[in-house]
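Asker: Dumping the structure here so I can ask a few things about it.
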Amino acid sequence: MTTAPAKAGWRFRQPSVIPGFGLTLGFSLAYLTLIILIPLSGLVWRSASLGWSDFFAIATDRRTVKALEISFGTAFIAAAINVVFGTIVAWVLVRYRFPGRRVIDAMVDLPFALPTAVAGIALTTLYSPKGWMGALLAPLGIKVAYTPLGIVIALVFIGLPFVVRTVQPIIEEIDKEVEEAAATLGANRFQTIFLVLFPGLAPAVVTGFALAFARGVGEYGSVIFIAGNLPYVSEIAPLLIVIRLEEYDYAAATAIATIMLALSFLMLLVINLIQSRTRKRYG
Amino acid sequence: MADPELYPADIHHEHASLAVTERPLARAALMALAFGFLAIFLLLPLVVVFEQAFSRGIGAFFEAINEHDTLAAIRLTLLVAVISVPLNLVFGVAAAWAIAKFEFKGKAFLITLIDLPFSVSPVISGLVYVLLFGTASLLGPWLKLHGIVILFAVPGIVLATVFVTFPFVARELIPLMQEQGTGDEEAALSLGANGWQTFWHVTLPNIKWGLLYGVLLCNARAMGEFGAVSVVSGHIRGLTNTMPLHVEILYNEYNAVGAFAVASVLAGLALVTLVLKTLLELRYGAEIAATRGH
C-alpha cells in the first residue's frame, strides 16, 4: 500500500509498508473503549448527575473527609519510608556483591506477586499483640494492628518494589567516573553521595515515591485486615466506598470514588511537574 | 592539599578504590539496614503464611484445602484467569503492533490511556461495573428483562479482572517492539510474506519471551486480585468466591488454618511466578530488556 507523496498538511499517520494498522488499532481502541473508557465515564457521568449540592454534601461529610485524610496521609508516610529504605535497598543490590544477591533481588518483587489479601492476613497475624512482631512491640507500648500504624505497615509492604525498581536502573547507570572525579576533587564519600549522586537520582526517587503513593492511596486488600476499620480513625477511603455500596448508597460511593480519582490525577500532575523541573535542573 | 586536619590520614593510606565506595563500616551498616528492612517487611509475612498454614500439621492443611467451597474457589480462580489473561494477551499484542510499528497522531495519549487502570483503585475498578450493570443503572432493567446476569456472577468477576490486568501485556510489549523497530517485518514483506506470515514467523519469535513475561505478571495479578473482584462478586460461597475472597471469608470466621492454607497456595503461586520471572530475566534478559522495571 504505497501512498502518494506526502502533501503538506495534517496527516493521521506516516505511510508504512507494514500491514494491519487498521485492524490492530481498531481492535485496541474498541477493546479499550468497552473495558476501560465506557465504565470510567459512567462513573464520572453518574457523579455529575448527582447535582452540585448533593455532591458537596457527601464530599464535606466528616466521615468522607476523614477517610480521605487517612488514605492520603498513610500513603504519604509509607511512600516516604519506602523512599529512604527502597533507595538503600537499591544501592545495596547494585553496588555490593554478596551471596544470595539474586535471590534477594527477586524477592523485592514479592509484593507485586503476592495477592493483597494474603499480605493482609499475614501482616495482621504478625503485628497482632500475640504475633511475632506485635509481641516484640507491645512492651514498648507500640500498637500496630488495628491502628493507623498498621495501615502504614501494609502500604510500606505494597509500595516497596515501586521505589526499588525505579531507582535501581538509575544507580546501575551511574558513571563511575563521576564519582572518581568528585573524589579526586577532594569530596569525601558522604559529599560525593549527597551532593553529586543524589541530584541525579532525584527524578527516579520522585517517580518511585509517586508510584508508591498512588498505589497506596487506592490500596484495599492488604489494608482492610490490619486497619481495624474504625470510622474516623482507621477507615480508608476505598473501604468507605465499599461500605456505601453495601448500603446501596450509590450516590455516596460514586462521589467518593470521583473525589479519589480527581485527587490522584491532580497528584500525578503535580509530581510530573516537579519531575520535569528536576530534570531540567540536573539534566 | 595535604592539610592533615581536613584530610584525615587514613584516606591517604587506604586502598585507592576507597574514594568510589563506602568505608567497610558504612557498607556494613547499609547492608544491615537493607537486609533488616527486607527481612521484616518481605520475609516475615511470607514465612508467617506457611507457618500458620501448617500450624496444625500437614493433615489439617490438606483437610482445609480439600473442602468443597475451597475447591470451588480454586476452580473459579482458574476459570477467571483462563478467560481474562488471553483477552488481555490479544489486546496487548494488537495494541503493541499498532503503537510500535506505526507512527500516528495521539500515540502518547493512547499509551497513557492504556496505563490508566494502574492509577485507579481496585475498588473503583469494581465499582464502575456495578454502576454500569447494577439494577439502578441504565442497562440494569434491560439486562434483567433478557435474563442476562453479569454482576455477582462469573461475567462480572471476569470483567473486573480484565480491567485490573488490562495494561500488563501491552506495557511489556510496547517498549520491546518499539526497540526492535520494523526492519525484520519489512524484510519479510519484501520477500513476499503476507501480513499473518510476517507476524507468526518473524514478529512472534522476536517477542515471545517478552510476551511470556507479560503474561506471567498478568496471570499473577488475575489470580490474586481482591479489591475489584470483591466489589462485583457478591461473595456467594461455592459460587462466586475466588481464592482471595475465600481467604477473607475463612479469616473472618476465625478459621486461621483454613484461611492460611488457601493463602499459602496463593503464596506458592506468587513464589513460582517470581522464580519464572527471574529465570526469564536471567536467561532472556536481552530479549526482554526493554521490560525491566515497572
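Cβ coordinates come from backbone N, Cα and C, glycine included.
TrEMBL lists A:21-45, A:70-94, A:106-126, A:146-164, A:193-214, A:250-274 with the feature transmembrane segment. Among the features that TrEMBL reports, domain 'ABC transmembrane type-1' is placed at A:68-271.
How buried are the listed features, and what sits near them?
Answerer: Within its own chain, the transmembrane segment (A:21-45) has Cβ neighbours under 8 Å at 13, 254, 257-258, 261, counting only residues six or more beyond its boundaries.
Distant neighbours of the transmembrane segment (A:250-274): 43-44, 46-47, 50, 54-55, 58-59, 61, 64, 67-68, 71-72, 206-207, 209-210, 213-214, 217-218, 237-238, 240-242, 244; these residues of the same chain sit at least 6 beyond its ends, with a Cβ under 8 Å from one of its Cβ atoms.
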Asker: Based on Cβ pairs under 8 Å, which of the stretches A:70-94, A:106-126, A:193-214 lies most in contact with the transmembrane segment (A:146-164)?
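Answerer: Maximum Cβ contact count belongs to A:70-94.
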